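One structure is given below, encoded as C-alpha cells.
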Amino acid sequence: MTVGFVTFENAEQLKTAQEELKGKSIGNKILKVADVIPRSFDKKIRSTVALPLNRQQTGEPSLDGENAGVSISSNGVEDGDTNDDEKHGSTVDGSVARARSVRDVVTPLAHMPYGDQLEHKKTSLMQNLKKLTRNARKACPHGVSLPEWILKSREIGGLSCELQGILESPLINGYRNKCEFSVGYSLQGKATVGFMLGNFREGVTAVEEPVDCPNVSRIACKYASIFQEFLQQSELPIWNRFKNIGFWRQLTVREGRTPGKVVDVENSDASISEVMLIVQVCSVGLDDAVVIGEFERLAQAFAAGAIANSPSLPLTALVVQDHQGISNAAPADAPLRQLPIPRAASPKLETNDVAEARIRDCISNLQFYISPTAFFQVNTLAAEKLYSLAGDWAGLGPDTLLFDVCCGTGTIGLTLAHRVGMVIGIEMNASAVSDAYRNAEINGIKNCKFVCAKAEDVMGSLLKEYLNVPQKPDEISNTSENSDKENATAGEKDTSIDAVLDLEESSSHDLINNKSASGCLENEEQEAGSQLQKNCTSESENTSVQQFKNVVAIVDPPRVGLHPIVIKALRTHPRLRRLVYISCNPESLVANAIELCTPSPESIEKGNKNNRGWRNMSSTGLARHRAKSMPPSEPFQPVKAMAVDLFPHTVHCELVMLLERPMYFNAVVGIRPWALILDLVGCHISLTCLNNFTHFWIYCKVSTVELAL
C-alpha cells in the first residue's frame, strides 16, 4: 500500500509520532504525514443514523468511523474474512456514485441468465490460460528450447492447453452449505447480521441483511435474522472494527444433508438435516458470569427461533469461537466452546455431547463429519462433479498411490479410495485430520493415511518415504547423513520471502516417518485419533512401495496457491508423472504452473537477498523469478483443463488442470545382484538390486517403449 493509517491512544503520542516520522526516508521515498480528510458523504450518513440501543448503554458515539464511508467492492466481505470463494473479489472505484444493494456486492452476476454467467466465466478462464502461456514463455531460460506445449499454443488461440468446457452447478440458488455473516451496523445505524458492502481496507464496515442474495439458503437467512433480533436486545456491544473493541463479531451457519436423500432443486432446504451455528465473539475484559449468562440467552433464542419457524429448522450444534484478532479470520486454534441446546419438543433440538461439535454431509454416497473450522466445499452437489472429474483425469487404478495435498476432511481421497491402492492425505488443520480419520472409519475405508502438517514441511520427505528412488552407489552411504542434516536444519528454516527466492539453499522439509495425525490433535482426541489411524492404515503399513506403479498427486490448495517448497518437491521428484491441480483462484494456478511447467535453467540462478524488487512483483512475476532457481528437473506440461461452477451468481469458478510428464515404466526382472546406470539419448535407464531381483526403471520422451532383456 502507498497509504497507511495509524491510530494513537492520545494526542501526545500523535504529536510525538508526527515529529519523529515526518521527513523520514524509506528507500528512495520521503515519508509524508498528513491528517485524514473526512469523506464528503460522512455528514450525510451521520445525520441519518439513530443511536443504537447498546451504544446508548455504553455511552459510545453512534458511528466512531464505523460507517464513515461506503465504497463498494464486489466481494461483500471484510478484508481478511474467510468467506471462501467470495473473499477476493475485484474492487471498483473508491468513490460511491450510487448506492448498491448487498445482492449487487455478493452476487454480482445474479442479474444475468445462468447460461450467460457460464459464458462470462469461460471467457475469463481462457484469458488466464493465455496468461500462463505468455508468462511461461518469458520464464524460459536463455539457451533452452521452448517446450512443445508453448509452441503448439498458437494452434489453439494462445491457450496453454485446451479448455474443454464448464460443468454447470446442479443447484443454482441457495447452494451454499456454509455462510459467514458479519455483525455490524447498517447505513441507517441498525444492528445487522449479514454481508459487508465493501472491504474494511477501504473504510467500509456497513452491513446489510442477506435477504436478496440468491446463493444463500433460506435456513441460513433465517438464523441470521434470529441472531439479529437477539443482538438488538443484547447488553454486550457489537464489534467495532475501527476501535477493535466489542463482543459480537460473526455468525457462521453450516448445513449438512442426509446421505442418500435426493435433492429437490425447487426445494433444496428439504434435504438439510443438520445445522451447526458458530458464533464468533471477543471476550477480552468481560466478566465470565456476564458472558455465560449471555450465552445461555443466546442458546434459548436460537432454539426458540428454530421451533417457531414453519417447518422447524434443524439445529444440531451451537459453538462459540473466541477470537481477539483485528480481522474475523480466526486461526484454526482459536478457542471453541460448545453450548448445550435447550431441549424442546422437536427431536431435532437436543443437548449434544460437548465433544461432538460436528455435523454430517455426504458426497458420492459417502458420509463426512465436519468440525467447526474444517474446510468443506460450499457447494456439495457441484463438488461431486469436481471430484469425479479429478479422479477420471488422474488415471487411477489398483496400482496407484494417490497423494491428496491440502486434503481437508479427506473428501477427495476418500471418494477416490476405492479406485486406488493407497491414499496419503496432507492437511495442517488438526480437527480436519481427526475428521478425515473418522470419515474413513464410518465409510469402511482402510487404504488411507492422513498426515497433520503443513504440506511444505512434509511433502518432500513423504515423496522420499513412499517413492524411494534408487540411488547411485556413491550416494547410498550419504543418505543417513543427509537425513540427519535435514532434521537438524528443519527447525531453523527461514520462511521469509528471501528464503523462498533462494529455495536451493533452504532446508526443504521435516522428515516424518509414519507420523501419527493424533500428534497434532487436541489432547482429548489423541486416543481416538490414534485408534482411527491404526484401523485406517493396518492393511498398508507393511506394503512394499514398489507395488505402486502409478503415482499421482491431486492438489486442492487455498486461494493463495501452493507453497514454493511444495512446488519444488512435486517438480523435482522423478516418479511423480501426473498432477491434477484443482484451483479456486486461477491467478494462483497460473503462478504455480509457471514453476511446474517451465524448463530448468542450465545453471541455477541464486536469488539476490539484497534485492527487494520482489515487493513490487505480481504473483506471476515472482513465479518467473523463482523458476530461475528451480533445480534441474523435468518440467510438467499442461494437457487439458475444465471448469466446474461451484459458485453461481458470482465471478468465481473452480478450474481443474491436468499436468503430465512423459510416462514412467516400471518392471522387475530376475537377474543376478548388480547395479548399473546408463544415460542414453532421450531416455534414462536405471537398474538396482533388491532381494535377488533387480528393479528396472525407464522413462522416455516417447509414448511406446520396446524392451529386450
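Glycine is no exception: its Cβ is also placed from the backbone N, Cα and C atoms.
What TrEMBL records for CYS584 is active site.
What TrEMBL records for CYS584 is active site, nucleophile.
The Cβ of GLN377 (S-adenosyl-L-methionine binding site) lies under 8 Å from the Cβ of ALA383, LEU386, THR411, LEU646, each on the same chain and at least six residues away in sequence. Residues or ranges marked as S-adenosyl-L-methionine binding site by TrEMBL: GLN377, GLU427, ASP556.
Marked as compositional bias 'Basic and acidic residues' by TrEMBL: 482-496.
According to TrEMBL, the domain 'Methyltransferase' annotation covers 403-464. Note: the domain 'Methyltransferase' (403-464) comprises 32 helix, 14 strand, 16 coil (DSSP; helix = H, G, I, strand = E, B).
As annotated by TrEMBL, region 'Disordered' applies to 52-96 (among others).
The region 'Disordered' annotation in TrEMBL covers 473-497 (among others).
Taking each of the binding-site residues GLU427, ASP556 in turn and counting other Cβ atoms within 10 Å of its Cβ gives the largest count for GLU427.
For the domain 'Methyltransferase' (403-464), the model gives a mean pLDDT of 91. Residues GLN377, GLU427, ASP556 make up the record's S-adenosyl-L-methionine site, and a Cβ search at 8 Å around their centroid adds PHE375, PHE376, CYS406, CYS407, GLY408, THR409, THR411, ILE412 from the same chain.
Residue pair ASP556 (S-adenosyl-L-methionine binding site) / CYS584 (active site) shows a Cα separation of 8 Å.
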